[in-house]
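Step one of this worksheet: look at the structure below.
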Amino acid sequence: MEPCGTLILLNFNGGLELLCRSTKVHHVDVELKPGADGLIMKDLLCWIRTNLIKERPEMFMKGDSVRPGVLVLVNDCDWELSGNLDTRLEEKDEVVFISTLHGG
Amino acid sequence: MSNKRGADGNNSGCSCDGGAVFSYDSSSLELEIRRLEAEKDLIEARIARLRLQVEGGKSTGGVTAGRIDDARNKAAGEEQEKGEGRANMNGPPFPTASVCGLTPEMIHRYSRHLLLPSFGVDGQLNLSKASILVVGAGGLGSPIAMYLAACGVGCLGIVDGDNVELNNLHRQIIHTEAYVGEPKVKSAAATCHAINSTVRVVEHREALLASNALDIMSQYDVIVDATDNLPSRYMISDCCVVLNKPLVSGAALGLEGQLTVYHYNGGPCYRCLFPTPPPATACQRCSDSGVLGVVPGIIGCLQALEAIKVASSIGKPLSGRMLLFDALSGHIRIVKLRGRSLNCDVCGENSMFTRETFQSFDYENFTQSPFFPSSNEGLQLLPDTDRISITEYKKRVDSSEPHILVDVRPAHHFQITALTNSISIPLSSLKENFAVIDSAMDEIKQGTGLDASIYVICRRGNDSQRAAKLLHENGFSIAKDIIGGLESWAQEIDHSFPMY
Ligand SMILES: [Zn+2]
């Protein structure tokens, strides 16, 4: 692993894993943008879109955020509590993307 | 559940069917005998208790306060150890309803609840005064209704407009084979009554819609969402906000489940979390994606637990938090959610959402998905000239037309059942497998000298249109979609073809 990136544990659930070769857990090393002093959620989403989501990106994203109906959790906390797209990520943080279920 | 053990189509509900006993085999007879013996034991125990009450009344000339406390302590499990046990039976009777509020029957039935220091008499009393509405008598609703009936909630309402189906029994454990084709609510109520005849069960045999939700939901203290579709989830949450009722919400699909409590004690509502509905294409359903029966069972049990906590005012309900269950990996995660949104369209500070707004709100249009998923047919992606009916396809097969049939369902669907001579190329990998089609066509050309036609089939006729479109765009302009897919084959051509 390159030492210059940030190691993040990604978890796709609720059907979102189907967009990443049906794999739920991804250990990824996200390189920082030139000049950036740290990784934020906005950059992570860009990175995921480029590197992980192989098909139907519209099922994951809308604009530069996630699509409606996807909950984003940073270390088991709703990202609305930590700044949404501006949430600052640190080494070994865990980010969970979960699509809400409606079945019963 | 003796009242519906028969598999002979006798769905007469709660009737006392002693006369029909001889039509069952010996094992069900034995079951019936055991049930009756258990009933006999219960009745004898009741008679014994009443006798004691009569005798106690005679010998003590009334119940003094001190003795009531004794009895109450006894009921609450603080009975002193051994030796006294038997002697106490001749002492003061069980407390009367006016003292701890529970009848002797209730103390007996719910004794294991009363033994819990954190639940006890207060918890049981609160529960016995509470009314809870379960919306949906399916995979989630089954264990919810059964546990709520068993635990002694005062009034249990069940609302659902569907009938029991055989291919739902793998998860809808409140129903039995004898009730297939009958209203789910009728079947669920019969099971609940069989479990606990002292609970008032109210049957609402209709779908919950914006037009009747206010009327129905306003009769209850706690609402439990056990539905299976998106518009219902928004509608039930909105109605709970309008009526100011707590909502215990659960969902399950595939091998995952989710659970939280909305609009409780200043917590968020469904819209605070999901102000905008997801695109309709992102909404999977059990009937398409599958569900392992026990998964909604587990979520339903947890919903029953949260409903009991809310109704009896014990513990810390799962509000502002969400439980995420992943059956395959065996992970349960409880995450912290955002609080109530001040800008929420429904529960926010400046919300203009009233009863009137609610009743006229078009939830199907808002979510772009239907209340009744089965009516969601009829995707029309292709012109009629690029599609043929299943009967037309059958004719062409019978006339030995050289053709290839591409089945574009996922591989695990193909494994369940397929038409003979069909080639499996799942839609998701069609792009990479055009060569397979090419070589199949070449083979026919070499064998017969004729150009083969291409037909595309799937389960219901939606994916096959997407596939045919993709084929058209990649040079296979002769590809035709088979309308209605394998479902119409099973309905119109071969009734023995297994449908799932
Ligand atoms: Zn809200």
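Glycine is treated like the rest: Cβ placed from N, Cα and C.
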Worksheet, complete the sentence: Candidate ranges B:26-53, B:250-277, B:306-333; TrEMBL annotation coiled coil resolves to B:26-53
Item to complete: Kindly report the helix/strand/coil residue split of the domain 'Rhodanese' (B:399-498) according to DSSP, in that order.
Response: 47 helix, 16 strand, 37 coil
Response to the item:
Listed in sequence order, the recorded positions within 10 angstroms (C-alpha to C-alpha) of B:Asp228 (ATP binding site) out of B:Cys272, B:Cys286, B:Cys347 are B:Cys286
Discussion item. Other than B:Cys269, B:Cys272, B:Cys344, B:Cys347 themselves, what residues in this chain have Cβ atoms within 8 Å of the centroid of the Zn(2+) site's Cβ atoms?
Written reply: B:Val241, B:Tyr262, B:His263, B:Pro268, B:Tyr270, B:Arg271, B:Arg340, B:Ser341, B:Asp345, B:Val346, B:Gly348
Worksheet, complete the sentence: Mean per-residue pLDDT in the coiled coil (B:26-53) works out to 72
Worksheet item: What three-state secondary structure does DSSP assign to B:Cys272 (Zn(2+) binding site)?
Response: helix
Discussion item. Just to be sure I understand the contacts, which binding-site residues have a Cβ under 6 angstroms from any atom of ligand 1? Candidates are B:Gly139, B:Cys269, B:Cys272.
Written reply: B:Cys269, B:Cys272
Fill in: binding-site residues satisfying Cβ distance under 8 Å to any chain A Cβ, from B:Gly139, B:Asn167, B:Arg171, B:Asp228, B:Cys344, B:Cys347
B:Gly139, B:Asp228
